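Copied over from Swiss-Prot, here are the features:
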- 6-26: transmembrane segment (TRANSMEM)
- 359-379: transmembrane segment (TRANSMEM)
- 434-454: transmembrane segment (TRANSMEM)
- 480-500: transmembrane segment (TRANSMEM)
- 513-533: transmembrane segment (TRANSMEM)
Amino acid sequence: MESQRSFFIIVFLIVSFILWKIWDDEHHINLLNIENNHSTLQPYSIQSHESNQNTPITHTNNPYSHIITIKTDVFLLKINTYSGNIEEAYLNNYQENLNSQKPLKLLHTSKENKYQAYIDIETLNEYFTNDLNQKNKKHYLYYSNTTNQCEYILKNNENKLQFDLTYQGPNNIIYTKRYLLNRNDYSIYITYIIDNQSTYPIHIKLYGNLIQSIHSDVIQSKHNDHCPLYTYQEAAYSTDTEKYQKYNLKDIKHTNLNIHSTNGWIALLQKYFIIALLPITPKDNTFYTTYLNNHDISIGFKSDFIHIPPGKKNELQSILWMGPKIQDNMKLVAPNLDLVIDYGWLWFISHPLFKLLQFIHTYTIDNWGISIILITVIIRLIMYPLTKAQYTSMAKIRMLQPKLISIQEEYKHDKYQYHQKTIELYKKEKVNPLGGCLPLLIQMPIFLALYYMLSESVELRHAKFAFWIKDLSDQDPYYILPIIMGITMFFIQKLSPTTITDPIQKKIMNIMLVIFTIFFLWFPSGLVLYYIISNIITIIQQQVIYHDLSKKGLHNKK
């Protein structure tokens, strides 16, 4: 087996797999447009226990609706006092796109493209809603902040920001919705405090919902910065029995989720960002999905009813996580939440590779491009013994080519004898015909794991490298890196010994070079950089190995 031919065949299979994965991700699901549109504030209703789904309703010119602005080091939030929920959320440390100074808008309520998270309560005794129709005898659920402030800011000398929204219900039942935000933390702790000062017991249920618009067309998100490597933009959940499970949004229309669990979380996923709800107390919850209004889906949780006697208080707690897919942060919030970083079936390799990349970035130069170069060098040096074994085995097989051709000519009419004599020759010369292929096959999972790791890392989003490369997660705007990669592949082919004499096969090899280069035109710069460095190392290792083989009489390039 010729070295360059085996290399290109396996690379071709890998690239084909990657492209199939991209196509499947783009066409199997409805990608969701979460473009930063001008939003209209739309509070959502709290449903009665008789309803099976939490359907949002719209209110315009609501006299009870006031907006409170929350500013921390990582968040800019806008909370509607009429629902007590977050209407808009911005991530201060992430921009909409590379050329924008505007913070990334993660939650919004535009009619066409909803992307929302809300947490509410309902009771058996009182039905709260944002519906102002008094004929239905429904109580208003509007809050007032205890300090009458319109803006809360986390000061530089503070590590946490806490504020309360209160609602005075009928019969002296006081409802407090408490928000707690910590510095450098994408977790928002939301606690309902129900003070039953009435003369009768009440029963309270906590529920939360994540809502997202879906469309019939495949819509590409601007938040992906036109990167062609889409990952699973779907819902996900974790329960007592399933550590991590993805849930196809389009399946919600036909099959609703309904799972009881005492632990877990629900989430909506983007390529680099996530919103998740984690019920803390009560422990017993049901995770469910709902198809809304022919174009919105909801994944949510609802607790069992809890009993609050007269004169008693109770607290219902949950966590809303909104932010980037940062492994170290998410695994501290909830078990298995870090699994939303989709490393595919090679996660057990990708995860330690990311830890190594993170270590290199932390303790060397503060440049993710340099870190990619260093991790590539380290991996290729570790795999050098396999590379040398591969080239040595191929060299031995090349030295046997004259004898193999002679056997083929002698037994061309007797396939059985031909195979027998070939095997005998391999045994006599102590050559494994698969010796050149097996080391390469062992290396391929590592290369694929690196691909998954680099394509999933939010750390590379808008990360500068050098010169014209301003975003390692986006394609090279001038296609210089893909062209350089194509040149390195050309040198690998030309410097590799070959016995191919068929001009058609030579043309096919050259065409494959062009095809691979075209494939990589739209790949993220970080991935292309990795392949360039890997190819350069391959060229260097080739020359070192061939020089050593020449001394042993095993290399004679034609």
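Glycine residues also receive a Cβ, built from the backbone N, Cα and C atoms like all the rest.
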Out of 359-379, 434-454, 513-533, what stretch is closest in contact terms to the transmembrane segment (480-500), meaning most Cβ pairs under 8 angstroms?
513-533
Under an 8 Å Cβ to Cβ limit, what residues of the same chain, 6 or more beyond the ends of the transmembrane segment (359-379), are close to it?
353, 446, 450, 454, 459-460, 463-466, 469, 472, 526, 529-530, 533-534, 537
Outside the transmembrane segment (434-454), at least 6 residues beyond either end, the same-chain residues with a Cβ under 8 Å of its Cβ set are 1, 3, 6-7, 10, 14, 18, 342-344, 346-347, 349-351, 353-354, 357, 372, 375-376, 379, 383, 386-387, 389-394, 396-397, 460, 524, 526-527, 530, 534
